[in-house]
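Here's the structure, in structure tokens; my notes come after.
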Amino acid sequence: MLYPTEFDVIVVGGGHAGTEAALASARMGAKTLLLTHNIETLGQMSCNPSIGGIGKGHLVKEVDALGGAMAAATDEGGIQFRILNSSKGPAVRATRAQADRVLYKQAIRRRLENQPNLWLFQQAVDDLMVEGDRVVGAVTQVGVRFRARAVVLTAGTFLDGKIHVGLNHYTGGRAGDPAAVSLSSRLKELNLPQGRLKTGTPPRIDGRTIDFSKLDEQPGDLDPIPVFSFLGRAEQHPQQLPCWVTHTNERTHDIIRSGLDRSPMYTGVIEGVGPRYCPSIEDKIHRFASKDSHQIFLEPEGLTTNEFYPNGISTSLPFDVQLALVHSMRGLEQAHILRPGYAIEYDYFDPRALKSSLETKAIGGLFFAGQINGTTGYEEAAAQGLLAGINAGRYAQEKDAWCPRRDQAYLGVLVDDLVTRGVSEPYRMFTSRAEYRLSLREDNADMRLTEIGRELGVVDDVRWDAFNRKRDAVSRETERLRTTWVTPKTLPVDEATALLGKPIDHEYSLAELLRRPGVSYDGVCGLRGGECGPSEPLAEDELLLAQIKEQIEIGIKYQGYIERQAGEIERNGANENTRLPDGIDYTEVRGLSFEVSQKLNQFRPETIGQASRISGMTPAAISLLMVHLKKRGLGRRKGTDSVPGADVQADNTAAQQ
């Protein structure tokens, strides 16, 4: 048998975006090839050993709801789990986990090697095969040519990557890996708009040289221990470890200031812009000069290593300065640095040159995902990779592209922000970026997306069965609470007083009682007349039971707010999803200013909603566009054709609550 050289989809890069892209397209039945420069680094956590966080955890849950691997791999490799913002409302609660780098990478590789329709091949890609205005394949560094209907490029920080430590620099995709110089040059020939960004990583420390007696311990959540995947179990977690906390001080800051004359950031050597929300320690000292201390988290890298990741001191200062600043902190006076911190500059491409499917507008069948689009973070990369993989598979199968709306998923917010607003610095997801965050919670990601994922072909039978059991149980139990009543005669005074603080004076449904502050689902079910709850085999599944209770309680307690938000979504959606024709010349739209028509012709928004979010767009311009479309009978609602998920949002409103 000849070695296969023709595929439906080729994925270039084996990081968080590439692995999710390859798995997604293969799950859909597309014959997929994953090309990576080193099979041993598939799924590698290049920077921090953690997954999740505010906004990021929401993306991981959405990837999981669509059948992705990140959440499940984190459950298998996670060595500490916490719920952030646990005392706040459900919209901003977020899961975060420390992961054993080796276990996480093994979990990802195991899934890749056992995924039907997926081939792996270790070779860097030096060239893309482009015929006319579409991509038709990729060429490896030794000249092997693979053809495909679609190519997903997930190059991370490797495109013309340059690593900086002090005033020394060298080419590299990350420490120990070569940069993709030839591929970068080839992409520049395609005249896609591009720029340079920068990110960084801290020095790593040998835990045997840390004095933990001087540090504050930060354990994970233990009762209950969180899980990331909707199918996960706490029993899957390996041994759990604490993190530790120290702080910078005035001496630390003086050491950093003394080295700024040899900092590549402050001497103009680095041209790329770094991430605003994950700044280097030298940037923190400069931007927050009045602050005399910064918190530093010492995070274990795994169960079989002594290496610690000091979260909060990402730096590109010279090594002698790195050593001095580490030794200036409490508990690290004798610390041995195993690896120096560094900054890395790399090419990215303006995401406004992409469709919402993450396909480039200029070259058919070429998809970009991850840091190549100007984002930062494993979670943002994985979410984009999943979407690009789905749409590359659909492109190869000659089906319409799919992308969730802003009111459907954080993934929709992420993509819409990228393709309409672009980036001037590495983009990080936050809950504050979503207009409808009460509807886009971690706990209901499956209710929002799993049915769509099933239609797309990325959700398997096991997940689909678990989802249906949960959805049906939530619906049945919510209805029971709304139709079960207690009266002053049936509810003893002592029970009412214990739960509500006073006896009831008239008839209430259990749902009405649950809506009161401080009243829990278990408390209501403990009342005389309120007994029951999810039954049959569900009660034996503790995790599923906990998920069901959480959905019911949030849905009932926040019902008014959720319904109000749903009404707002419906009102705003009237024009939000109206498509703009591909070939429209905006200079011919009467009344539009030259500036507005120029921007519309440059960025080619797909919908009225996207057009409204372009910088400089005015309400008057949007009104003129709507008049133009109506006069010519153009425009249709996005999602009203054969694209999956067109009707799922409305059908699942009650289940989401």
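Every residue, even glycine, has its Cβ placed from backbone N, Cα and C.
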Item to check | Correct range for region 'Disordered' (source Swiss-Prot, candidates 37-59, 566-588, 635-657) | outcome: 635-657
Next on the checklist: Other residues near the FAD site, CB within 8 A of the CB centroid of Gly13, Gly14, Gly15, His16, Ala17, Gly18?
Outcome noted: Val11, Thr19, Glu20, Ala21, Thr36, Gly43, Thr154, Gly156, Ala369, Gly370, Ala381, Gly385
Checklist entry - So, in DSSP terms, is Glu282 (NAD(+) binding site) helix, strand, or coil? => result helix
Checklist outcome for this item: Across His16, Arg276, Lys284, His286, listed as binding-site residues, the smallest other-CB tally within 10 A is for Arg276
Item to check | Whole-number Å value for how far Gly18 (FAD binding site) lies from Lys284 (NAD(+) binding site) (Cα to Cα) | outcome: 32
Checklist entry - Of all the binding-site residues given, namely Gly14, His16, Gly18, which is spatially nearest to His286 (NAD(+) binding site) at the Cα level? => result His16
Checklist entry - Reported as an integer number of Å, what is the Cα distance between Cys278 (NAD(+) binding site) and His16 (FAD binding site)? => result 19
